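Report on the following structure.
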């Protein structure tokens with residue numbers, strides 16, 4: 001499966017599934033009109049790092065969400081826009097071939113070195129996922145501006161931003177060390 005360098009921004013979880021069927025990539029959902037502060041911070045970070053591709057439904061709602069994202073992030077040449085070919089179409093209902101064609105037209109295909117990527121076992125070992133891990137996971141998500149999400153989303157975002165195991169260890173050591181008064 002081909003990999004896209006930029007983060008792809010979509011409206012909902014069904015859109016995310018449709019994109020993931022076609023590409024190995026990081027996808028962020030806006031979850032509709034109400035963009036959370038965490039989502040905006042994550043998009044700003046992605047914009048500095050590798051850029052984003054906005055792919056929303058081709059209806060009025062999709063255009064409003066697209067405009068909101070640009071408003072919050074500002075005009076930037078690292079914001080790429082992908083558009084569906086048919087008016088009033090939802091991303092989730094577009095066939096895989098069209099999704100591939102659209103995203104290949106605006107995205108940057110890449111080949112990441114898989115050996116340097118974190119694994120779920122690394123996060124488990126560090127106490128970021130698994131039993132009694134919620135506090136550590138939230139500290140990591142907040143410090144690295146990764147937004148909320150389950151274990152798989154966290155892992156995907158850590159790898160997207162090339163955050164290393166040593167970075168995680170160091171941050172946990174800092175945040176978990178007793179404070180002096």
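Placement of Cβ uses the backbone N, Cα and C atoms for every residue, glycine included.
Pulled from Swiss-Prot, these are the features on record:
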DOMAIN    5-88  domain 'Toprim'
BINDING   11, 57  Mg(2+) 1 binding site
BINDING   57, 59  Mg(2+) 2 binding site
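Packing around residue 59 (Mg(2+) 2 binding site) is summarised by its Cβ count: 14 other Cβ atoms lie within 10 angstroms of its Cβ, all protein chains included. Every protein chain considered, the tally of other Cβ atoms within 10 Å of the Cβ of residue 11 (Mg(2+) 1 binding site) stands at 23. Summarising the environment of residue 57 (Mg(2+) 1 binding site), the number of other Cβ atoms within 10 Å of its Cβ, over all protein chains shown, is 22. If you measure from the Cα atom of residue 11 (Mg(2+) 1 binding site) to that of residue 59 (Mg(2+) 2 binding site), you get 12 Å. Using DSSP to sort the residues of the domain 'Toprim' (5-88) gives these counts of helix, strand and coil: 37 helix, 16 strand, 31 coil.
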